[in-house]
Amino acid sequence: MKTTVVGFPRIGENRELKVATESYFRGDITQEELVDKGKQLRRMHWNLLKEKGISLIPSNDFSFYDTTLDTAVLLNIIPKRFLDLKLSPLDTYFALARGYQGKAGDVTALPMKKWFNTNYHYLTPEFEETTEVKVAGTKLFDEYLEAKALGIETKPVVLGPFTLIKLATFNGTTEEAQLQGLITAYKEIIATLNELGAQWIQLDEPSLVKDISEEDRELFLTIYQELTADSRTVKLLLQTYFGDVRDIYADLLAVGVDGIGLDLVEGKKTLELIKTLGFPQNKQLFAGVVNGKNIWRNDYRQTLGILEQLPQEQLVLSTSCSLLHVPFSVEQEVFPEETAQHFAFAKEKLSELTELAAIVDQTAGALINEPLAANQQLFRSERVLENKKLARKVAGLTEADFQRQPAFEERSIVQKYTLDLPILPTTTIGSFPQTREVKATRAKFKKAAISKETYQEFLEGKIADCVAFQEEIGLDVLVHGEFERNDMVEYFGENLEGFLFSKNAWVQSYGTRCVKPPIIWGDVSRKRPITVAWSAFAQQLTNKPVKGMLTGPVTILNWSFPREDISIKESTLQIALAIQEEVLDLEANGIKIIQIDEAALREKLPLRRSDWYQEYLDWAIPAFRLVHSKVAVQTQIHTHMCYSEFADILPAIDQMDADVISFEASRSNLSLLEALNAHHFQTAVGPGVYDIHSPRVPSVVELTTTIKTLLEKIPVEKLWINPDCGLKTRGEKETFASLENMTQAASQVREALVYEPVRE
Ligand code: GLN
Ligand code: ZN
């Protein structure tokens, strides 16, 4: 039985790639040193997979930023404005990813979007009129040859043309106009790898698990009929993940690829499809049975039960998706053995694959009995004790617990009167730059190198400076700056019962940004107030309102590794009850505005539209309402989302029943704003007026223009002015400059609004 993985984490066991890339961005290391680091990491990872006995080892799953961007660059899909910078290829690549502001010019980055239902983000390829698709890059081939030179035969991985088209934007050109060029380029890629002697090529086509229209189907067939027409010795693997391919399964079977990768973990219908519609004898079935997204051990008995129902001779055991979404290894952790044995990170999943393969093959005789027995033992016993009191509380929730009173219109009048904010109120999303100093001091405190008092004093100093700065530049609603937080989810998890924390379980979120999701180990409850002291401290420094800052239950769940022994709905309601206690404590301590971030609300939205409400929104939105349903009429509830793609779920967003919502807008188009109008969206909105994912500083003129554009679509009494997202990843200098420009722009527009009618 052969084994493979869809992809392997590239960031390195200790985030070496992040460290090196950021050093390069700062100018501390050379391009050559960075390239070398990449090489070193690839070698380590290939060797690890080899040692673990994985038969088909992927290559080109490595990336300096994002593999979708790699594919765009490979195919010469680089907008002219980036080429005009005339930077080195690597710097052009980073300019596409992060924007560029310097001697060569000033360009914003390509839009970044959520990668399907994960917390990974990809950069959106952009076709324009002058785009001439051709095989322009060599990374794919170089990395294949690099592995080969190390004595490792790999399976080069590249994003497939169907998904590339689905994810891309077309500016001044169309899909039809670009299609033939794309197909030709992919054919060339296949031909080149064929010549180089590759045995397998993996084309990733996750878009196939979504709802497929008749047009999509035709597009898919056109592409794959052409791609598979030429004779070749290299085998083509059409890899899908993140769900089942129910709309196009029959067509997949009909095209001339040599292997099909199917997700048997998230793909609820995958097994049924194979059993009812069959699987052709001339293809290999890459069975994604090891979960690439969660960190729990694979239940071998259950997996073997699935494998039994599949055509044995054609199987290759694989992961459900790339292991990019799980941390590197449990080995680095210090969990007690009883706990650790329940986890499998990327490295351990490799062993699961080879153990499962050996069990299926029955090759190793007695040797295989041991892992099987140990695995069965693990799943026989109850892992955690139930909190009975909490279970009763959750079961006893009624309609009224999920509904804030009075209704929005009535509240908004009271709030307008009590908060007394100017029109176009300015605010930020919460965090201020986490400087080296902040991180270093927190690290010292964690290591007990400084006392609790020293740490507290330090944080209070930071808060005081932050409040003073915000007053100075004239922001209207202040924040305390979130200096005490490492991460918006981890921080809450650490202060709630039921979470476990890893030391090093980092997962790439985008580019060099990694997150360390907490693990929901048991039932969740609040031990003590979490944020109240910080918010209250900041509030007594100023007469302006200070926003309390909380993370919402859906986001806490979605950015954690969830339990698999109870439903995610049940876990979310437990978290909601805990955060509700925090909301009420903030309110009792004089905080008038409370922001409950739901940055990750969309994360677990089913990829198929037809499942959105029933499977997800129908419980996720009420869980958010549960958090704020008991606050007083004058308390203003804000929420924040890190993206603007919710035109399609606007009614659900409105049903969150917040008073204000801020969201990302600067990197995406403004079409959402029209949708807000069309839906008579009631919540006030703060579409981000500048991109915080990039270090560039927007000018006052630029920001004034943006605000005016927003005002064309949004009634002035509903509009808030704020950046896209929290500022913690940014440097202080650019942040201060940007915020100052933002408040200036807001006051200029306000003045214009006041005086213009007079002049007329
Ligand atoms: N309040 C959080 C912050 O500013 C929100 C972050 C986020 O949306 N990802 O950091
Ligand atoms: Zn955000």
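For all residues, glycine too, the Cβ spot is worked out from N, Cα and C.
A TrEMBL annotation is a machine prediction, not a hand-curated record.
Because the structure is a prediction, the values reported are computed rather than measured.
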Per TrEMBL, member of Glu482, Glu484, Glu490, Glu645 binding L-homocysteine alongside Ile429, Gly430, Ser431, Asp597: Glu482
Residue from Lys113, Lys114, Lys416 that TrEMBL also lists as binding 5-methyltetrahydropteroyltri-L-glutamate with Arg15, Glu16, Leu17, Lys18, Arg513, Cys514, Trp559, Glu603: Lys114
Annotated companion of His640, Cys642, Glu664 at the Zn(2+) site, TrEMBL, chosen from Cys466, Cys725: Cys725
Filtered binding-site residues, from Ile429, Gly430, Glu603, His640, Cys642, Cys725, whose Cβ is under 6 Å from an atom of ligand 1: Ile429, Gly430, His640, Cys642, Cys725
Glu603 (5-methyltetrahydropteroyltri-L-glutamate binding site) versus binding-site residues Ser431, Asp597, His640, Cys642, Glu664 - nearest by Cα: Cys642
Surrounding CB atoms that lie within 10 Å of the CB of His640 (Zn(2+) binding site), all protein chains: 29
Nonlocal residues around Leu17 (5-methyltetrahydropteroyltri-L-glutamate binding site), in sequence order (Cβ under 8 Å, 6 or more apart): Arg10, Ile11, Lys37, Gly38, Leu41, Phe64, Thr512
When distances run from the Cα of Cys514 (5-methyltetrahydropteroyltri-L-glutamate binding site) to each of the recorded positions Glu482, His640, Cys642, His693, the nearest one: His693
Where Ser431 (L-homocysteine binding site) falls in three-state DSSP terms: strand
Cys725 (Zn(2+) binding site) versus Gly430 (L-homocysteine binding site) - Cα distance in angstrom: 8
Cα separation, Cys725 (Zn(2+) binding site) to Ser431 (L-homocysteine binding site) (Å, whole number): 9
Filtered binding-site residues, from Arg15, Glu603, Cys642, Cys725, whose Cβ is under 6 Å from an atom of ligand 2: Cys642, Cys725
